[in-house]
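Trainee: Could you have a look at this structure, given as structure tokens, before my questions?
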Amino acid sequence: MAYTLVPKLMIEAPTLHIQNSSSSQIDLQTGSSQSLLIITPAILLRHSFRGNFSSQLVLGKGKTGSVLSCNKQGSVCLDRVKEGTNGSLNRDVEKRSNEQQLKKLSRSLRLTLDGPLVENDEITNKKVLRSFCSHGKLLEASKLVDLMTRRNQIPDYPSCINLIRGLVNAGQTGKAANVLQIMVMSGGTPDIITYNMLISGLCRKGLLNSAIDFLDYMSLSGCLPDVITYNTILRAMFDRSKYDQGIQFWKDQLRKGCPPYLITSTILIELVCKHCGVIRAIEVMEDLAVEGCSPDLVTYNSMVNFACKQGNFEDSALLVYNILSHGLEPNAVTYNTLLHSFSTYGCWDGVDEILSVMNETSHPPSVVTYNILINGLCKHGLLDRAIDFFTQMVSENCSPDIITYNTLLRALCKEAMVDEAVQVVHCLSDSSCLESPSIITYNIVIDGLAKHGYMEKAMELYHQMEKHGTSPDDVTYRCLIWGFCRADLIEEAVELLKEMGNSRQRVRDNCYRFIIHRLCQNNNLDSAKQVLKMMISSCHKLKSTVYSNIIAGIAGAGMNEAAMELREKLREWKILKE
């Protein structure tokens, strides 16, 4: 069978080079050999040779069999049989015998080099390949693909795709690239997901040049790169501080006719902002506009967001000027981003100025805008002004949402204005209110009441929450238990702990520890043992060191007798060893 050389891009087949003439002899009777240098005939037909090579088969004493030789052109010929001095042989019988021996030797060598799969036809090997892939035998499947290529067999394409993805996930990007090239050269077309996985794997290994080569190779195989392909390579370049190379890469792609993806351009601008600064990002943005990829408001907002996070208000002002100079109008995202930055850094004059501009445009303050302002004011302790903004938004028919209420409630509780916070919750619970209190709303106020020692009001709100169909969670119980312990109402804390166990709420270890400690301080060892037993029977199993630490903490507080009694109880329950 004639052999067609696989293109270099697909696979570089090894070539046997023999510089000097050599020969080897094999005695088919004894199996002995001299200067053995043999290659399977099937392999010989697929390789080019330099020099002369001959092999003589010694049939017996005084007899020389056929001579298998290769000339410089790589052809194979079988010389005539030479008779020995002891008599002539029947040439037909001798020829058949030699051919049988050669076939047997060739079959044996093929099984040694390539295994039994070399004997299979294309359909059988495809089935074996599918089996290898389905059972996760990636290396075996990769070797089989190479074998099928040497035998001019076309591999199963879906199996190749699965194999490529599996090799990439296993970190075998070199083998994955080889299989992909074989698949393409044999007529298959990998999908975009497979290409992107391989390119991502190459980028993770820092093989950026190989990733770019595959990017160019994709179009030739009929699978065009997409946004993910370009984004992956760009991020990898910037991760390795190849900033100029990344910028030039995207410019080159645009010049080659790549669609001017705004998402990729925006990501590039974000990366340049992060690593090279806003001024350099503006320069790159202008260069991309020349290449046909003009920035949009999303790109500008991304840059404004970066500058605001850095607290660089000069760059933010420069970007707003660029937005206006390009005939674009800032939108609500732009204004809210600026407001968030100004309120975070306490620049209230800037806040007032932006609000004034917003009221004159088609983007007046929204509920998101007011939430940003109220949150910023509350964090700076300016509760009065936050309430003023709340009143203003209501007067402008901008309905507050639950985020607005929760922000104000947290600030009210922090300032010990718990009565006002309870009134707000009662108003929210009214059926006429558009917003209903959530579990977070109740927890904020219950925690505020508990921290300030108003446990009776906290329990009233707790029962109101259950009445309105909101089930307490572990945060609710934890706030109440800590509140009871601070108020030295340990028995109430124990009862609540039992309720948590009945409702299958998970109790944290430090909660048990604190209650046991306080019970020991009150000389209530019976309740302490009861809580300790509840802790042991809880759903999650604890290490014995947790219990040892509890005992050590009690002893360290000077309650040695209580510590000894609890230790004995734990030994009795076989939690601690003797």
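Cβ from N, Cα, C; glycine included.
Bear in mind that TrEMBL entries carry predicted annotations, made automatically and left uncurated.
Pasting the feature list from TrEMBL:
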- 121-155: repeat 'PPR' (REPEAT)
- 191-225: repeat 'PPR' (REPEAT)
- 226-260: repeat 'PPR' (REPEAT)
- 296-330: repeat 'PPR' (REPEAT)
- 331-365: repeat 'PPR' (REPEAT)
- 366-400: repeat 'PPR' (REPEAT)
- 401-435: repeat 'PPR' (REPEAT)
- 438-472: repeat 'PPR' (REPEAT)
- 473-507: repeat 'PPR' (REPEAT)
Trainee: Averaging the per-residue pLDDT over the repeat 'PPR' (366-400), what integer do you get?
Mentor: 94
Trainee: Report, as numbers and ranges, every residue of the chain located at least six residues beyond the repeat 'PPR' (296-330) whose Cβ falls under 8 Å of a Cβ in that stretch; write 'none' if there are none.
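Mentor: That would be 262, 265-266, 269-270, 273-274, 278-279, 281-282, 285, 337-338, 340-342, 345, 347, 350, 361, 363.
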Trainee: Per DSSP, what is the residue count of the repeat 'PPR' (473-507) in each of helix, strand and coil?
Mentor: 26 helix, 0 strand, 9 coil
Trainee: Is it possible to list how many residues within the repeat 'PPR' (401-435) are helical, extended or coil according to DSSP?
Mentor: 25 helix, 0 strand, 10 coil
